[in-house]
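Student: Got a structure for you, questions after.
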Amino acid sequence: MLRFLFRRILGSLVILVLLTVVAFLLFFGMPRDPALLMCGKTCTPDALANIHHTLGLDKSIPEQFWIFLSGLVTGRDDFAQGPCPAPCFGYSYHTNEQVWSTLMDRLPLTLSLAAGATVVFLFVGLGTGLLAAWKRGTLVDKSFTAGSMVLSSMQIYFLGPLALAILVYQTHIFDEPDYTPLTDNPAAWFTGLIIPWAVLSTIFAAQYTRMARSSMIEQLQEEHVRTARAKGMSGRYVFFRYAWRGSLIPIITILGIDLSSLLGGAIITEYTFGLPGLGRLAVESVQFSDLPLLLGVMLFAAAVILLCNIVVDACYAFIDPRVRLS
Amino acid sequence: MTTLTKEAGAPVPSDAGAFLSVRDLHVSFRTEDGMVRAVDGLSFDLERGKTLGIVGESGSGKSVTNLTILGLHNPKFTTVEGEILLEGRELTTAREHELEKLRGNKVAMIFQDPLTALSPYYTVGRQIAEPFMKHTGASKKAAWDRAVEMLGKVGIPNPKERAKDYPHQFSGGMRQRAMIAMALVCDPDLLIADEPTTALDVTVQAQILDLLKDLQQEFGSAIIFITHDLGVIADMADDIMVMYAGGAIERGTTNEVLRSPQHPYTWGLLNSMPRLDSDLAAPLAPIPGAPPSLLNPPSGCRFHPRCTFQDRVGGTRCTDERPLLAPDRASACHLTAEQKRTIFIEEIKPSLG
């Protein structure tokens with residue numbers, strides 16, 4: 001298991017380096033000069049050259065790449081804005097802030113949003129899915145299935161404003177969504193995020209309802225599940241110990257994908273509710289051709305995805321002994 | 001823990017007739033295409049400690065019958081009529097939790113493919129120990145010891161270590177042994193073996209059959225042995241019941257059914273069985289036609305569309321009237337007893353070699 005983890009982490013690092021290369025090349029392939037954006041309307045060739053120099057853009061691309069990579073590991077102090085400790089992604093072209101600290105500023109919100117929504121959609125989605133599978137063919141099953149169809153075809157930019165209109169602006173049950181750090185005020189943290197969580201998890205939960213239901217029904221038809229019944233195990237025991245165990249594999253696969261995209265930044269949700277998370281940061285960095293920030297957000301999201309993949313694979317091994325040995 | 005676990009001095013209803021008695025059983029499934037009559041008027045008895053072989057093509061209702069005994073059919077889509085009496089107790093109307101107490105305890109089942117029939121997620125030992133804990137209330141430790149003991153009994157070397165293995169770490173034959181250990185762990189009175197050797201190599205097959213016979217001697221269980229392989233059944237069964245399209249068409253002792261079969265379908269089965277000592281050049285004689293659709297079974301005798309002896313009966317009896325199986329040595333066919341005897345001796349037997 002340790003060797004497996006070690007191999008996977010090493011592989012992920014290689015992928016991250018390759019991604020950085022690609023992002024670098026793409027950025028310089030773009031017919032757009034970030035220095036021009038900073039230079040303003042009264043730009044002279046001298047001023048432009050000056051900006052190029054301060055940004056390090058006058059060096060060759062491989063040289064810039066090497067400086068960037070080594071900065072990640074050792075930190076840099078060749079910036080006009082001041083020293084940049086490791087992991088150094090440089091300073092944003094646009095805000096002149098350190099990229100890493102900007103990322104770390106935005107991360108708690110994204111983390112809170114993802115964690116809260118995940119708890120809710122797993123609980124609700126899997127719960128209703130299991131209940132639908134248990135009561136297969138009954139009214140409960142049919143209404144859950146129909147409901148999840150409707151909800152999973154909803155979009156955040158539709159449900160979100162709707163929830164805001166009803167719950168905030170009309171009835172004033174909740175305040176407008178706002179982020180307060182958990183460590184500052186847990187109650188405010190909770191009430192500020194409750195609507196985004198609800199909306200985000202409504203859409204995700206519906207998917208999980210359908211998936212849990214269908215994979216449970218599939219598992220319940222497995223022969224080994226019938227064997228378990230044939231040896232006298234109770235319906236509930238067979239359902240939770242035998243069928244559920246097998247259903248976990250597809251659920252965890254999808255959960256890994258969903259989690260990694262949520263942690264990389266729920267762009268639409270953050271825009272809908274005006275929350276400044278990693279998703280918004282990503283969009284802003286693209287808008288301003290802010291290479292250091294863009295690289296930072298992208299590498300961070302990629303690292304999260306790779307990490308989720310490793311965790312999912314480790315879960316497979318935990319659930320299914322056949323994976324463990326090979 | 002070598003003593004067998006069972007309520008001491010359980011009453012043996014020797015006068016209550018057979019240990020298992022199936023009476024006029026009808027099982028039908030509701031499907032999108034209509035009602036499938038999987039079992040249609042089946043009756044048979046099984047005595048304690050005896051082995052009944054059930055033979056028939058796929059779709060003849062062998063497996064359905066036995067799943068119904070244990071109540072493992074899906075009640076939502078299945079209608080069951082008739083009686084299944086186990087020691088005089090009616091099972092078709094029994095409640096689910098009563099059946100749960102029976103399954104794996106008094107009546108156990110072995111399935112065809114031990115790879116898919118064992119859960120990949122739990123150790124072999126745990127899967128054997130589970131029903132023992134459930135039915136005897138034994139502790140986890142005691143149940144595990146019992147599982148190890150059972151694995152030893154079914155001939156798994158080093159059972160203490162192997163019990164910790166998962167099914168995929170076992171070979172096919174070993175898995176079926178583990179399956180048998182699981183079925184016998186609570187010392188059942190009735191063991192239903194649904195094609196237990198079909199998925200195995202021929203050499204392993206013989207070992208498993210020997211094992212089953214030995215264990216039957218030791219545990220005294222009655223066995224229902226389902227197969228489509230007449231060679232296997234000759235070795236195992238005391239009595240044979242041949243099923244076709246959801247009903248029994250011939251029944252008798254193994255000797256009777258195999259030495260002097262009376263039903264054209266049984267003749268066909270025997271004829272289509274390859275034999276090592278017969279002329280290699282002589283082609284096998286398969287039964288013409290295909291098994292009937294159970295959605296819309298043929299009128300009269302279910303076998304008449306495939307039967308080559310219809311004209312010997314004469315008239316339209318075969319297409320109009322369903323032949324019934326008389327109480328004992330019998331076959332459900334309109335041919336007279338004399339006709340059956342002469343046809344078999346003069347026309348069928350010579351070709352069997």
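Cβ atoms here come from the backbone N, Cα and C positions, even for glycine.
Okay, so TrEMBL annotates it like this:
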DOMAIN    A:107-316  domain 'ABC transmembrane type-1'
TRANSMEM  A:9-28  transmembrane segment
TRANSMEM  A:109-134  transmembrane segment
TRANSMEM  A:146-167  transmembrane segment
TRANSMEM  A:187-206  transmembrane segment
TRANSMEM  A:248-273  transmembrane segment
TRANSMEM  A:293-319  transmembrane segment
Student: Counting only CB pairs under 8 A, let me know which of A:9-28, A:146-167, A:187-206, A:293-319 has the most with the transmembrane segment (A:248-273).
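Tutor: Most Cβ pairs under 8 Å with the transmembrane segment (A:248-273) come from A:293-319.
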Student: What stretch in A:109-134, A:187-206, A:293-319 has the biggest tally of Cβ pairs under 8 Å against the transmembrane segment (A:146-167)?
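Tutor: Ranking A:109-134, A:187-206, A:293-319 by Cβ pairs under 8 Å to the transmembrane segment (A:146-167) puts A:187-206 first.
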Student: Does the transmembrane segment (A:9-28) come near the transmembrane segment (A:293-319), with 3+ Cβ pairs under 8 Å (pairs 6 or more apart)?
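Tutor: Yes, the stretches contact each other.
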Student: Are there residues at least 6 beyond the ends of the transmembrane segment (A:293-319) whose Cβ is under 8 Å from a Cβ of it, and what are they?
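Tutor: Distal contacts: 1, 4-5, 8-9, 12, 15-16, 19-20, 23-24, 27, 68, 89, 92-95, 99-100, 102-103, 245, 248-249, 252-253, 255-257, 259-261, 263-265, 278, 281-282, 284-286.
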